[in-house]
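Reviewing the structure listed below.
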């Protein structure tokens, strides 16, 4: 029987790459893992891939290009680092391979599956922003659909144990990329992103706070409905994504103005949304919702590409 699933490569055998491999192998009807790529021959991810019968290389992207399996690769997930992504992308694009970038490199357009995938379905490189971006930008977008968002601020709190060397090396890129995507994808006029590595034991699941500053006359019921519908949409591919409590509203009145970036001292309406993200526990512990939402979003994008009929590359 023929196997019509799209063959993908995963570059990076750490937490994100390994979780993504297991998600695809367990759940995907449209994709198959054609190669797992690392640089540490002793990594758990490469060892696990070998046990599962996945072709592997510990020679990085150059090793991937030399693999017989590379001829069938149509999409490559990059789960390494922002610095390495530029090199990987150049080499893969030369062979017509679509790249789904799970680093903050932002070479391609920012994509949040529930917000703007359809606009970038044919992009050769798709950037998945960051874990904090995947969790919070849908909420900023949900508010901005109802009322102009003058300023949005997100705070992503993740367990220190879930932050591997790649995450820690990309902290500056995380804040920069997420802040830009709050504007470009979320629709806010101004934005800021903060990440907190929480050392608490036992480890806590990912928690995110989204603040949006809107005009005082904004429709509270419409904002609440829009946010709740967006949460349901994200839950379709991240079941552990949820509101921690009801959407909160605070009227900022004359005499109690707040200093809003880009606006100065202002009155208006402050919208606060509190989220938590529990991981599915495929490879990573359930507290690592920050990694789970990235792999789930990346998988969703790849499956939509596979099911879209858009031509994908690779050597013939």
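Each residue, glycine too, has its Cβ placed from N, Cα and C.
Features reported for this protein in Swiss-Prot:
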BINDING   13, 14, 15, 16, 162, 163, 164, 165, 166, 167, 168, 169, 170, 290  NAD(+) binding site
ACT_SITE  131  active site, acyl-thioester intermediate
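Distribution of Swiss-Prot features across the structure.
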{"residue": "13", "record": "NAD(+) binding site", "DSSP class": "coil"}
{"residue": "131", "record": "active site, acyl-thioester intermediate", "DSSP class": "helix"}
{"residue": "162", "record": "NAD(+) binding site", "DSSP class": "helix"}
{"residue": "168", "record": "NAD(+) binding site", "DSSP class": "helix"}
The most crowded of the binding-site residues 164, 166, judged by neighbouring Cβ atoms within 10 Å of its own Cβ, is 166
Look at the binding-site residues 13, 15, 162, 170 and tell me which residue has the greatest number of other C-beta atoms within 10 angstroms of its C-beta. 13
Same-chain residues six or more away whose CB lies under 8 A from the CB of the residue listed as 'active site, acyl-thioester intermediate'? 156, 158, 206, 290, 291, 293, 294
My understanding is the cutoff is Cβ-Cβ under 8 Å with a sequence separation of 6 or more in the same chain; which residues meet that for residue 168 (NAD(+) binding site)? 197
Compare all C-alpha positions of 13, 14, 15, 16, 162, 163, 164, 165, 166, 167, 168, 169, 170, 290, the record's NAD(+) binders, and send over the largest distance in angstrom. 17
